[in-house]
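This report concerns only the one structure given below.
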Amino acid sequence: FLLLEEGGILNSARAHLGTHYLRLRPSPSDHLPVPDLKEDRDPEYDPREQDLNEGTLRKKLGSHFDPGFMSVNAPLQLNVSARAPPSPPGAAPADFRRLDLTATPYGARLTLGKKARRKLVQFLWTYTHCPVLYGWKDLGVRFWPRYMKEGTCFSERSCSLPEGMFCKPVKSVTKTFLRWYCQGFLRQKYCTWIPVQYPIISECKCSC
(Lines of atoms letter the chains of each structure in order from A and count residues from 1; the text may use other names and numbers.)
(Lines give C-alpha, C1' and ligand atoms only; values in the text may rest on other atoms or scores of the structure.)
Protein backbone atom coordinates (compact mmCIF):
# COMPACT_ATOMS: atom_id res chain seq x y z
CA PHE A 1 0.00 0.00 0.00
CA LEU A 2 1.06 3.57 -0.62
CA LEU A 3 -0.35 6.68 0.98
CA LEU A 4 -1.53 9.11 -1.66
CA GLU A 5 0.37 12.35 -1.22
CA GLU A 6 0.72 15.81 -2.77
CA GLY A 7 1.52 15.41 -6.45
CA GLY A 8 -0.03 14.56 -9.77
CA ILE A 9 -2.86 12.44 -8.40
CA LEU A 10 -4.03 15.10 -5.99
CA ASN A 11 -3.47 17.98 -8.38
CA SER A 12 -5.71 16.40 -10.99
CA ALA A 13 -8.27 15.44 -8.35
CA ARG A 14 -8.53 18.98 -7.00
CA ALA A 15 -9.76 20.29 -10.32
CA HIS A 16 -12.62 17.79 -10.29
CA LEU A 17 -13.56 17.76 -6.61
CA GLY A 18 -13.08 21.40 -5.63
CA THR A 19 -13.12 20.44 -1.95
CA HIS A 20 -11.20 22.09 0.88
CA TYR A 21 -9.24 18.90 1.39
CA LEU A 22 -9.07 15.31 0.24
CA ARG A 23 -9.18 12.22 2.43
CA LEU A 24 -5.86 10.68 1.54
CA ARG A 25 -6.09 6.90 1.60
CA PRO A 26 -3.70 4.04 0.87
CA SER A 27 -3.85 2.70 -2.67
CA PRO A 28 -3.12 -1.00 -3.36
CA SER A 29 0.53 -1.92 -3.75
CA ASP A 30 2.82 -4.90 -3.25
CA HIS A 31 5.08 -2.86 -0.99
CA LEU A 32 4.77 -3.37 2.75
CA PRO A 33 5.81 -1.88 5.04
CA VAL A 34 4.73 1.47 3.57
CA PRO A 35 7.70 3.37 2.05
CA ASP A 36 8.57 6.75 3.52
CA LEU A 37 6.63 9.60 1.92
CA LYS A 38 8.41 12.05 -0.33
CA GLU A 39 7.05 15.51 0.30
CA ASP A 40 7.90 19.20 0.59
CA ARG A 41 10.08 19.67 3.69
CA ASP A 42 9.28 23.38 3.98
CA PRO A 43 8.36 23.98 7.68
CA GLU A 44 5.67 26.39 6.47
CA TYR A 45 3.62 23.27 5.79
CA ASP A 46 4.13 21.81 9.29
CA PRO A 47 1.44 22.07 11.97
CA ARG A 48 1.92 24.89 14.47
CA GLU A 49 2.00 24.42 18.23
CA GLN A 50 -1.68 25.33 18.55
CA ASP A 51 -2.49 22.66 15.94
CA LEU A 52 -0.93 19.95 18.12
CA ASN A 53 -3.25 20.12 21.12
CA GLU A 54 -3.36 16.53 22.34
CA GLY A 55 -6.87 16.74 23.80
CA THR A 56 -8.32 18.12 20.56
CA LEU A 57 -6.54 15.54 18.40
CA ARG A 58 -7.51 12.62 20.64
CA LYS A 59 -11.12 13.72 20.35
CA LYS A 60 -10.82 14.00 16.57
CA LEU A 61 -9.24 10.54 16.26
CA GLY A 62 -11.74 9.08 18.71
CA SER A 63 -11.94 5.30 19.02
CA HIS A 64 -9.30 4.85 16.31
CA PHE A 65 -6.56 5.66 18.84
CA ASP A 66 -4.77 2.36 19.49
CA PRO A 67 -2.02 2.61 22.13
CA GLY A 68 -0.72 -0.79 21.05
CA PHE A 69 0.30 0.58 17.65
CA MET A 70 0.61 4.34 18.14
CA SER A 71 2.26 6.70 20.59
CA VAL A 72 2.12 10.47 21.07
CA ASN A 73 5.57 10.56 22.71
CA ALA A 74 8.79 8.98 21.46
CA PRO A 75 9.06 5.36 22.68
CA LEU A 76 12.30 4.18 24.30
CA GLN A 77 13.09 1.93 21.34
CA LEU A 78 12.45 3.92 18.21
CA ASN A 79 14.57 2.90 15.22
CA VAL A 80 14.48 -0.30 13.19
CA SER A 81 17.76 -1.58 14.69
CA ALA A 82 16.00 -1.82 18.04
CA ARG A 83 13.52 -4.43 16.81
CA ALA A 84 13.60 -7.54 18.95
CA PRO A 85 15.14 -10.66 17.35
CA PRO A 86 12.67 -13.42 16.51
CA SER A 87 11.80 -15.63 19.45
CA PRO A 88 11.37 -19.43 19.20
CA PRO A 89 7.99 -20.15 17.61
CA GLY A 90 6.84 -22.65 20.21
CA ALA A 91 5.27 -26.04 19.52
CA ALA A 92 4.73 -27.04 15.90
CA PRO A 93 1.14 -26.68 14.64
CA ALA A 94 -1.04 -29.68 13.81
CA ASP A 95 -0.36 -29.60 10.05
CA PHE A 96 3.37 -29.94 10.73
CA ARG A 97 2.84 -32.79 13.16
CA ARG A 98 0.85 -34.67 10.51
CA LEU A 99 3.69 -34.56 7.96
CA ASP A 100 4.77 -37.95 6.59
CA LEU A 101 8.53 -37.80 7.08
CA THR A 102 9.18 -41.45 6.24
CA ALA A 103 8.34 -41.29 2.50
CA THR A 104 11.09 -40.56 -0.07
CA PRO A 105 10.82 -39.45 -3.73
CA TYR A 106 12.17 -42.79 -4.95
CA GLY A 107 9.70 -45.01 -3.11
CA ALA A 108 11.79 -46.21 -0.18
CA ARG A 109 10.71 -45.43 3.35
CA LEU A 110 12.77 -44.12 6.24
CA THR A 111 12.57 -45.37 9.78
CA LEU A 112 12.26 -42.64 12.41
CA GLY A 113 11.83 -43.13 16.10
CA LYS A 114 9.29 -40.98 17.95
CA LYS A 115 11.95 -38.77 19.52
CA ALA A 116 13.83 -38.24 16.24
CA ARG A 117 10.58 -37.50 14.42
CA ARG A 118 9.52 -34.98 17.06
CA LYS A 119 12.88 -33.20 16.83
CA LEU A 120 12.78 -33.14 13.01
CA VAL A 121 9.25 -31.71 12.96
CA GLN A 122 10.22 -29.02 15.46
CA PHE A 123 13.34 -28.18 13.41
CA LEU A 124 11.32 -27.79 10.20
CA TRP A 125 8.73 -25.62 11.98
CA THR A 126 11.41 -23.40 13.54
CA TYR A 127 13.34 -23.07 10.27
CA THR A 128 10.33 -22.16 8.11
CA HIS A 129 8.51 -20.02 10.69
CA CYS A 130 8.11 -16.37 9.62
CA PRO A 131 7.57 -14.09 12.61
CA VAL A 132 6.46 -10.47 12.37
CA LEU A 133 9.06 -8.17 13.93
CA TYR A 134 7.67 -4.97 15.40
CA GLY A 135 9.52 -1.71 15.93
CA TRP A 136 8.54 1.92 16.48
CA LYS A 137 8.77 4.32 13.55
CA ASP A 138 8.74 8.12 13.58
CA LEU A 139 6.20 9.24 10.97
CA GLY A 140 7.14 12.91 11.40
CA VAL A 141 5.33 15.94 12.72
CA ARG A 142 2.68 15.82 9.97
CA PHE A 143 1.16 12.64 11.40
CA TRP A 144 -0.66 12.27 14.69
CA PRO A 145 0.09 10.29 16.71
CA ARG A 146 3.62 10.76 15.43
CA TYR A 147 4.94 7.31 16.35
CA MET A 148 3.70 4.02 14.89
CA LYS A 149 4.56 0.42 15.69
CA GLU A 150 5.50 -1.01 12.29
CA GLY A 151 5.71 -4.69 11.37
CA THR A 152 8.34 -6.26 9.11
CA CYS A 153 9.01 -9.84 8.05
CA PHE A 154 12.20 -11.54 9.18
CA SER A 155 14.39 -11.68 6.05
CA GLU A 156 17.98 -12.25 7.16
CA ARG A 157 18.01 -15.74 5.63
CA SER A 158 15.97 -18.03 3.42
CA CYS A 159 13.10 -19.81 5.19
CA SER A 160 13.06 -22.91 2.96
CA LEU A 161 15.01 -26.13 2.43
CA PRO A 162 16.59 -25.97 -0.10
CA GLU A 163 17.09 -22.21 0.05
CA GLY A 164 15.21 -19.88 -2.28
CA MET A 165 12.05 -18.84 -0.47
CA PHE A 166 11.81 -15.90 1.93
CA CYS A 167 9.40 -14.55 4.53
CA LYS A 168 6.90 -12.17 2.92
CA PRO A 169 3.83 -10.29 4.20
CA VAL A 170 0.49 -11.99 3.60
CA LYS A 171 -1.85 -10.05 5.91
CA SER A 172 -2.08 -6.55 7.29
CA VAL A 173 -4.22 -4.57 9.70
CA THR A 174 -5.25 -0.99 9.06
CA LYS A 175 -4.84 1.75 11.64
CA THR A 176 -6.24 5.25 11.32
CA PHE A 177 -3.96 8.22 11.94
CA LEU A 178 -4.44 11.95 11.47
CA ARG A 179 -2.51 13.57 8.64
CA TRP A 180 -1.72 17.30 8.42
CA TYR A 181 -2.59 18.29 4.88
CA CYS A 182 -2.23 21.67 3.18
CA GLN A 183 -3.56 23.00 -0.10
CA GLY A 184 -2.43 26.22 -1.73
CA PHE A 185 0.74 28.21 -1.18
CA LEU A 186 2.08 30.40 1.63
CA ARG A 187 -0.62 32.75 2.98
CA GLN A 188 -3.20 31.36 0.56
CA LYS A 189 -2.87 27.82 1.87
CA TYR A 190 -5.53 25.96 3.81
CA CYS A 191 -4.37 23.27 6.26
CA THR A 192 -6.26 20.79 8.39
CA TRP A 193 -5.98 17.37 10.04
CA ILE A 194 -7.57 14.58 8.01
CA PRO A 195 -7.91 10.84 8.77
CA VAL A 196 -5.76 8.44 6.75
CA GLN A 197 -5.60 4.67 6.92
CA TYR A 198 -2.16 3.15 7.37
CA PRO A 199 -1.60 -0.60 6.73
CA ILE A 200 0.67 -2.52 9.13
CA ILE A 201 1.97 -6.04 8.48
CA SER A 202 0.27 -8.56 10.78
CA GLU A 203 1.31 -11.93 9.30
CA CYS A 204 4.24 -13.24 7.26
CA LYS A 205 4.66 -16.56 5.43
CA CYS A 206 7.48 -18.39 3.69
CA SER A 207 6.93 -17.96 -0.05
CA CYS A 208 8.59 -17.45 -3.41
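The backbone N, Cα and C atoms fix where each Cβ goes, glycine too.
Per TrEMBL, the features are:
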type     : residues      : note
REGION   : 25-54         : region 'Disordered'
COMPBIAS : 36-51         : compositional bias 'Basic and acidic residues'
DISULFID : CYS130-CYS167 : disulfide bond
DISULFID : CYS153-CYS204 : disulfide bond
DISULFID : CYS159-CYS206 : disulfide bond
DISULFID : CYS182-CYS191 : disulfide bond
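The Cβ of CYS182 has fewer other Cβ atoms within 10 Å than any other of the disulfide-bonded residues CYS167, CYS182.
Least packed by the Cβ count within 10 Å, out of the disulfide-bonded residues CYS153, CYS159, CYS204, CYS206, is CYS206.
Between CYS167 (disulfide bond) and CYS206 (disulfide bond), the C-alpha separation comes to 4 Å. In terms of C-alpha distance, the listed disulfide-bonded residues CYS130, CYS159, CYS206 place CYS130 closest to CYS153 (disulfide bond). Sorting each residue of the compositional bias 'Basic and acidic residues' (36-51) by its DSSP state yields 6 helix, 0 strand, 10 coil. Put simply, CYS130 is the one of the disulfide-bonded residues CYS130, CYS182, CYS191, CYS204 whose Cα lies nearest to the Cα of CYS159 (disulfide bond).
In the structure as shown, the Cβ atom of CYS191 (disulfide bond) sits within 10 Å of 19 other Cβ atoms. Cα of CYS191 (disulfide bond) to Cα of CYS206 (disulfide bond): a distance of 43 Å.
For CYS130 (disulfide bond), applying a Cβ distance below 8 Å and a minimum sequence separation of six or more within one chain yields CYS153, PHE154, CYS159, CYS167, LYS168, CYS204, LYS205, CYS206.
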